[in-house]
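Features as listed in TrEMBL:
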type: SIGNAL; residues: 1-19; note: signal peptide
type: DISULFID; residues: CYS42-CYS234; note: disulfide bond
type: REPEAT; residues: 90-142; note: repeat 'Hemopexin'
type: REPEAT; residues: 143-187; note: repeat 'Hemopexin'
type: DISULFID; residues: CYS152-CYS157; note: disulfide bond
type: REPEAT; residues: 188-234; note: repeat 'Hemopexin'
type: CARBOHYD; residues: ASN190; note: N-linked glycosylation site
type: DISULFID; residues: CYS191-CYS203; note: disulfide bond
type: REPEAT; residues: 295-342; note: repeat 'Hemopexin'
type: DISULFID; residues: CYS351-CYS394; note: disulfide bond
Amino acid sequence: MKLLPHILLMCLALALAWAQAKSSSCHFTVAFSCPAAVLDRCKGLEMDAVAENEEGIPYFFKGDHLFKGFHGKAELSNKSFAELDDHHHLGHVDAAFRMHFEDDPTHHNHMFFFLDNKVFRYFQHKLVVGYPKDISEVFPGIPNHLDAAVECPKSECGKDSVIFFKGDEIFHFNVKTKAVEKKEFESMPNCTSAFRFTEHYYCFHGHQFSKFDPKTGEVHGRYPKEARDYFMRCSKFRENGDHLERERCSRVHLDAITSDDAGNIYAFRGHHFIRKDNNDTLTSNTTESAFKELHSEVDAVFSYQDHLYMIKDNQLFVYKVGEPHTHLAGYPKPVKAELGIEGPINAAFVCQDHHIVHIIKGTDIYDVNLSVTPRVPTNKRPISVLRKVDAAMCGPDGVKVIRGSHFYHFESVMQFVVARALPEQHRVSLELFGCDH
């Protein structure tokens with residue numbers, strides 16, 4: 001019992017330390033890990049490493065925690081990569097990348113993590129036999145205690161390469177020959193992490209980022225930019241930020257998208273939405289400002305007879321399109337009662353001049369006839385080409401299906417359902433909203 005006062009004093013000291021750490025966004029190094037509750041990336045964090053996994057999901061590492069995707073809470077890294085703790089006490093990951101080397105399938109798409117002087121190699125979250133190894137053994141000529149690393153395939157760098165960063169030193173490592181070329185990227189800041197995403201290269205420094213040319217290091221355009229505006233989904237943003245620029249250029253996937261009978265597009269992400277009028281004028285606002293009963297975080301939206309049908313969890317909200325939009329009395333109602341199907345629903349869309357809403361739930365698509373009651377889901381079919389759909393809409397030119405930062409165009413619903421290979425990939429930010437950076 002005599003230890004109790006000492007324990008209480010220690011807890012108080014730690015609590016004060018964490019409070020100070022929180023105010024400084026966890027830019028510190030201590031003998032204790034930053035608890036997940038403190039790690040709020042929307043308050044501004046300097047990430048230690050960033051890399052996509054084999055499925056294209058970005059992993060953001062901070063201390064001994066990991067954020068999966070562009071939103072969601074942090075979790076301990078050793079839940080996904082247990083050996084990082086087993087072999088080397090995990091304070092933080094120095095650098096990470098996913099290997100691009102199609103000439104050698106035994107290495108292609110493997111993930112590499114760097115901790116001090118060691119490198120860990122994973123495939124499908126399993127440590128490859130023989131690892132960890134010294135960095136010098138696997139990547140001769142590359143120093144220990146790296147700041148960042150990013151893959152660069154030969155289609156973009158001329159040769160399959162990995163770019164390593166340590167302070168202001170840049171190393172281009174040829175994956176095939178293991179030759180190292182030291183370069184100077186004079187216009188770039190020192191990177192604390194680096195990331196290849198949608199064939200573009202990003203250097204993160206603090207909670208800002210700059211897009212750079214992987215061969216020359218040149219930074220073009222208005223940089224640095226705020227990482228929270230483009231790589232994270234946050235309910236609140238800086239008051240002086242460009243909200244339209246943020247929403248149309250964000251790399252975070254859309255939650256829902258639809259086009260009304262007049263040809264106006266509504267695209268929803270988190271607490272915000274973009275409206276693209278039929279004359280291509282873009283505006284952005286909070287979801288609550290136009291759909292206050294819905295508030296935010298919509299799952300799916302479809303348009304039918306001058307009404308917007310908006311699905312959130314297991315509830316269906318209906319608004320008459322206008323200025324302002326009018327919330328129909330009696331709604332929300334259960335999705336099951338209105339459409340005959342249980343939530344959650346990934347996406348829903350109606351093609352022009354039809355009464356059928358096509359509902360995507362998991363890896364299946366259903367048809368519901370809106371012109372009859374009771375409404376029941378019919379014609380269940382599996383979707384083969386995508387394991388997950390984030391949003392979809394239908395227009396005169398066919399169906400656009402959105403996954404992550406890209407969309408795929410199909411001439412018809414049937415073509416989408418029977419497809420066994422994905423068509424050409426299109427960037428949501430560029431081809432839907434005109435953001436070229």
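Glycine is no exception: its Cβ is also placed from the backbone N, Cα and C atoms.
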Inset, instruction - Would you find the one among the disulfide-bonded residues CYS42, CYS152, CYS157 whose Cβ has the most company, meaning other Cβ atoms within 10 Å? - result: CYS152
Legend entry - Greatest C-beta neighbour count within 10 angstroms, which of the disulfide-bonded residues CYS191, CYS351: CYS191
Inset, instruction - Determine which residues of the chain contact the repeat 'Hemopexin' (143-187) at the Cβ level, with the cut-off under 8 Å and only residues 6 or more beyond its ends counted. - result: 49, 94-104, 107, 112, 114, 116-117, 135-136, 193-196, 199, 201, 203-204, 212, 214-219
Legend entry - Spatially closest candidate among CYS42, CYS152, CYS157, CYS394, the listed disulfide-bonded residues, to CYS203 (disulfide bond) (Cα to Cα): CYS152
Inset, instruction - Return the member of CYS157, ASN190, CYS351 nearest to CYS42 (disulfide bond) in space, with distance defined Cα to Cα and candidates limited to these recorded positions. - result: ASN190
Inset, instruction - Please give the average pLDDT for the repeat 'Hemopexin' (90-142) in this predicted model. - result: 90
Inset, instruction - To the nearest whole angstrom, state the Cα distance for the pair CYS191 (disulfide bond) and CYS152 (disulfide bond). - result: 16
Inset, instruction - Sort the residues of the repeat 'Hemopexin' (143-187) into helix, strand and coil with DSSP and give the three counts. - result: 4 helix, 21 strand, 20 coil
